[in-house]
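These come from Swiss-Prot:
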- 5-87: domain 'PTS EIIB type-1' (DOMAIN)
- CYS27: active site, phosphocysteine intermediate (ACT_SITE)
- 130-484: domain 'PTS EIIC type-1' (DOMAIN)
- 135-155: transmembrane segment (TRANSMEM)
- 160-180: transmembrane segment (TRANSMEM)
- 200-220: transmembrane segment (TRANSMEM)
- 234-254: transmembrane segment (TRANSMEM)
- 274-294: transmembrane segment (TRANSMEM)
- 305-325: transmembrane segment (TRANSMEM)
- 349-369: transmembrane segment (TRANSMEM)
- 384-404: transmembrane segment (TRANSMEM)
- 408-428: transmembrane segment (TRANSMEM)
- 450-470: transmembrane segment (TRANSMEM)
Amino acid sequence: MTKEQQLAERIIAAVGGMDNIDSVMNCMTRVRIKVLDENKVDDQELRHIDGVMGVIHDERIQVVVGPGTVNKVANHMAELSGVKLGDPIPHNHNDSEKMDYKSYAADKAKANKEAHKAKQKNGKLNKVLKSIANIFIPLIPAFIGAGLIGGIAAVLSNLMVAGYISGAWITQLITVFNVIKDGMLAYLAIFTGINAAKEFGATPGLGGVIGGTTLLTGIAGKNILMNVFTGEPLQPGQGGIIGVIFAVWILSIVEKRLHKIVPNAIDIIVTPAIALLIVGLLTIFIFMPLAGFVSDSLVSVVNGIISIGGVFSGFIIGASFLPLVMLGLHHIFTPIHIEMINQSGATYLLPIAAMAGAGQVGAALALWVRCKRNTTLRNTLKGALPVGFLGIGEPLIYGVTLPLGRPFLTACIGGGIGGAVIGGIGHIGAKAIGPSGVSLLPLISDNMYLGYIAGLLTAYAGGFVCTYLFGTTKAMRQTDLLGD
């Protein structure tokens, strides 16, 4: 049995066994487990499993195990359950001889009560953030891959212009790399439409069509469509992914309503056609112009804050981003990043936000130096620090800095210092979203690599110094426990 399989089985036992699991899924670093009864979960046992870097209780129990490991653990859990990742796990409650119906009814009432409380706790903002995350998290590997390939093409192009390399085959290679990159970025609206449809309960293919509609691929020459509000020609992609997400949400409402009123015999033919016609017209003439205004204004405001605020804005963004990640609010920036890339070719917000993770790495290095006797902490750092350098910060947040308290605050200060440097230098952007830390370096636009490196090193140093001086307690340094 592999280490990941053992970890999966220990997690299953800690959450109350397979009989208490409704479904299992995962993101880049977390196994997300939906349980039937929260009271059967042994939180302390779960947190102390070797390999578990943190536990977050939300609508699902989120167990942080780190990148790479998470896929193997989640897949083994799904394999043991006999269903695919994300699918509900069947449980047999029909055995009347073994079943106490009175207890089952009481348990069901209790579960419904807890579910109602959870609904009240999870407000509209949380639902919006979760939807944004569910739409874009599956696309992150594609963003990273396409962005890196585009970055290589840009480097080769710069080397050709400078005269360091030459040849027709280099030109062809650059062209091929750009074609691969555009396979993601040029059709992002379609991918977004498909994922949004899955999230909102519409047919994924119809969501993709609505996303593709915003590209206006059927327009050529003089057959232009006009913006009904300004009288100017509509531009392909106007409204960006904000418009696509809103349009697909409307699509889900229209499609569900049509399924209720269209006879079953013609539902599969009539419903898709009518839904596409209604929402397609609304998208072209209403949603695209309005969403275009919203996205343009939003990007202008963010760019203005960064350019005018400079050092101050950089510090605030860099210092506040870790708390936003902790609360799950960082996903709200994903559409902003993408719109900035669509409009100007780069997001100038991401490199500043990336300094938060760098500040945390600096804090972790200080803990490694200061807490030599705390072997539990150092063992956790061994697994969390390498991926922290690569921009994956959740193992450090939930496994190290947040449980300890003080290092989380000093890490935020380090991130703010790095953000101030990036903001002060200015015009440091990223051509794609996804990674941060050292991994973001190939995606930096306009050859501003040295500026980004300066920000990283400053954030590392700031997080290290602040944590070394103010971020530890005597208990942290002298005990073998992860915490005060």
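Counting begins at 1 with the first residue displayed.
A Cβ is built for glycine as well, from the same backbone N, Cα and C atoms used for every other residue.
Within its own chain, the transmembrane segment (384-404) has Cβ neighbours under 8 Å at 28-30, 52-56, 64, 66-67, 322, 325-326, 354, 356-357, 360-361, 363-365, 367-368, 377, 411, 435-440, 476, 482-484, counting only residues six or more beyond its boundaries. If you average pLDDT over the domain 'PTS EIIC type-1' (130-484) in this model, you get 88. For the domain 'PTS EIIB type-1' (5-87), the DSSP-based tally of helix, strand and coil residues reads 34 helix, 20 strand, 29 coil.
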